[in-house]
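Notes for the one structure printed next.
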Amino acid sequence: MTAPTPNLKPVGYGTASSSSSGSSTPQPSRSPKQNIAPVSIINNTDVESPLLSPKSNNLLLSNPQSLNQEHQIESRSLQKGLSQRHLSMLGIAGSIGTGLFLGLGGAVSTGGPLGALLGYAVIGLVVCSVQFALGEVTALMPVTGSFVRHAEVLVDPAMGFAIGWNLVYGNLLSIPSEIVAVCVLVKFWTGDGLNPTAVILPFIALTGGIGMAFVRVFGEVEFVFALLKILLVVFLIVLGLVINLGGVPGTGVIGFRYWRDPGPFVEYIAQGDWGRFLGFWAVMTGAVFSFAGVESLAMAAAETRNPREAIPRAVKRVFARIVIFYGLAVFVVGLLVPSNDERLKGSGDTVAQSPFVLAAAAAGIKGIPSLVNAIVITSAWSAANQSLLAGTRVLYGLALKGQAPKIFLRTTSWGTPYMCVLLFTVFMFLSFLSLSENAISVFWWLVMLTAAGVLVSWSSILLNHIRLLKAMKKQGISTDRLPWHNWWTEYTSPVGLVMCLVILFTSGFSVFTTGRWDAAKFVSSYLDIPIVLAAYLGWKFFRKTSITPLDQIPLEEAFEQAEENLSVQTQGFQPTKKTRGWTRFVSWIWD
């Protein structure tokens with residue numbers, strides 16, 4: 001079979017108080033050489049954590065102090081090295097990648113300039129509902145693993161298990177897939193003369209090294225990568241407008257020429273209005289994966305300084321910037337290249353198919369392909385770093401809940417879950433399968449199993465938020481007690497959830513039309529659904545869990561902990577002073 005495109009990215013791609021043991025006995029101190037979670041969890045002592053008790057049907061509600069106990073473990077084992085600046089750029093870096101630099105041409109080819117713009121606008125609204133729902137819940141419960149752990153509290157422990165392991169699996173394979181993509185991109189300069197091993201081994205060493213480092217190192221690396229990508233996006237948008245307005249010598253004004261001929265919409269599969277609607281719908285379902293990764297900013301909430309303030313601020317800023325960048329980019333691409341240009345119909349895995357590169361070549365501007373290729377390579381590395389962060393923190397959270405082996409709770413003296421990172425590093429060597437034609441085909445099939453996972457994750461985030469608000473109403477708790485709340489999210493979360501589910505079940509609609517069956521597209525569109533359901537039902541049967549009744553969700557404890565820790569987290573915290581001059585203009589990106 002023909003291997004899918006290297007830029008295919010599964011989900012994720014892109015979340016202190018006194019001891020709750022009920023005893024005054026002090027906790028054993030950590031050895032500098034073995035900085036791990038409390039001894040009662042790692043070692044087989046006579047003190048068993050109720051979080052990990054195999055007798056517990058509901059892992060969160062089996063002990064009324066479990067939330068405090070989890071917080072204590074995270075506070076002892078992990079270090080707070082991320083700030084709001086890092087979170088903002090983390091979300092931006094996660095959503096700006098090959099989908100924007102290389103994939104927008106395919107959107108224009110499928111839906112037309114206006115169809116592509118409308119498709120991305122609708123998904124932008126869905127992303128808004130997801131981001132604000134995630135921000136409100138995470139501000140109340142800033143835990144490692146984010147919405148995976150929220151699902152255990154607010155919905156069902158089995159749901160947290162299913163979503164969590166789906167994310168771990170997807171991220172385990174996402175990193176080697178990014179390495180394979182880098183090998184393809186490097187060939188733009190070297191041709192087939194370079195041995196892929198010369199790319200794979202340094203990539204593994206660098207990615208694994210960043211994963212093992214203090215989380216602040218990761219934050220700074222992603223900050224730089226995000227800044228590079230933003231600068232390229234701004235440059236390409238400005239360049240596109242200059243080309244369109246005839247600012248390049250020897251070229252004329254293009255204006256809205258391609259909106260008139262071949263037209264604002266493209267007929268896809270069918271004819272007439274129905275065909276134009278299907279074109280728009282196909283763009284919309286594809287746009288979801290361009291925005292994948294915006295949810296990653298909350299994955300390391302327990303490693304974020306003052307998360308109850310930093311995460312809401314990051315959520316608001318990331319949403320605004322992403323919508324602006326994607327909206328302008330889609331608009332400009334629709335102005336530069338006609339939708340019937342055959343070069344836009346490629347798989348989108350090389351810079352030669354980038355609409356910005358095509359427009360620059362037509363205007364006689366050299367050097368743009370190499371520039372775009374270089375930034376796309378950093379995008380692939382950035383995506384691998386984010387998959388490593390998200391996957392390891394979710395795995396750590398699963399181990400904390402007894403849903404993964406306890407060995408994954410081990411951390412370094414600087415707070416990195418090193419056993420989790422080692423597991424992900426081992427899986428990076430799957431990228432060597434790219435050296436074999438048959439092996440790489442099998443590998444891409446494995447990657448595609450969770451390609452639809454981003455919609456599963458978004459659905460989980462929205463469901464968590466809906467359940468939180470319903471539980472608060474059931475228990476008579478005012479929304480004024482939430483650390484961060486927007487009145488309209490009560491309405492946007494249900495609408496966003498319906499949209500996510502509709503898109504999830506219709507994302508592969510084209511394979512059911514006459515003459516368009518594609519096994520690879522069918523697998524990438526739908527197979528993740530039975531995988532998640534099987535994991536959910538399997539854990540539910542094994543642990544005999546149940547959906548938590550709204551009046552039994554331990555919200556009061558969560559609010560008390562949030563209010564108690566607010567003063568502790570803000571001690572010595574000085575609000576960031578507004579910068580002035582050109583630095584204020586630049587810092588607008590993340591502040």
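Along the chain as shown, residues are numbered 1 onward.
Glycine is no exception: its Cβ is also placed from the backbone N, Cα and C atoms.
TrEMBL has this to say about the protein:
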- 1-38: region 'Disordered' (REGION)
- 17-32: compositional bias 'Low complexity' (COMPBIAS)
- 86-547: domain 'Amino acid permease/ SLC12A' (DOMAIN)
- 87-108: transmembrane segment (TRANSMEM)
- 114-134: transmembrane segment (TRANSMEM)
- 167-190: transmembrane segment (TRANSMEM)
- 196-218: transmembrane segment (TRANSMEM)
- 230-258: transmembrane segment (TRANSMEM)
- 278-298: transmembrane segment (TRANSMEM)
- 318-337: transmembrane segment (TRANSMEM)
- 357-383: transmembrane segment (TRANSMEM)
- 416-436: transmembrane segment (TRANSMEM)
- 442-463: transmembrane segment (TRANSMEM)
- 491-513: transmembrane segment (TRANSMEM)
- 519-539: transmembrane segment (TRANSMEM)
The transmembrane segment (519-539) and the transmembrane segment (278-298): do they have three or more Cβ pairs under 8 Å, with pairs 6 or more apart in sequence? no
So, does the transmembrane segment (196-218) come close enough to the transmembrane segment (167-190) to give 3+ Cβ pairs below 8 Å, pairs being at least 6 apart in sequence? yes
Between the transmembrane segment (416-436) and the transmembrane segment (87-108), do 3 or more CB pairs sit under 8 angstroms, pairs being 6 or more residues apart? no
Result, the transmembrane segment (318-337) in contact with the transmembrane segment (230-258) (3+ CB pairs under 8 Å): yes
Is the count of Cβ pairs under 8 Å between the transmembrane segment (416-436) and the transmembrane segment (196-218), pairs 6 or more apart in sequence, 3 or more? yes
Contact set of the transmembrane segment (196-218) with the rest of its chain, CB cutoff 8 A exclusive, min separation 6+ beyond the ends, reads 78-79, 81-82, 86, 175, 179, 182-183, 186, 300, 303, 381, 384-385, 388-389, 392, 412, 414-416, 418, 421, 424-425, 428-429, 431-432, 434-435
What parts of the chain pack near the transmembrane segment (442-463), using Cβ distances under 8 Å and only residues at least 6 beyond its ends? 3-4, 8-14, 126, 129-130, 133-134, 137, 147-148, 150-151, 155, 159, 163, 166-167, 169-170, 173-174, 176-177, 180, 288-289, 292, 295, 430, 433-434, 493-494, 496-497, 500-501, 503-504, 507, 520, 523-529, 531-532
I'm checking region-level scores; what's the whole-number mean pLDDT for the domain 'Amino acid permease/ SLC12A' (86-547)? 88
Same-chain Cβ contacts of the transmembrane segment (491-513) under 8 Å, 6 or more residues past its ends? 122, 125-126, 128-130, 132-133, 269, 278, 281-282, 284-285, 288, 452, 455-456, 458-459, 462-463, 465-466, 469, 521-522, 524-526, 529
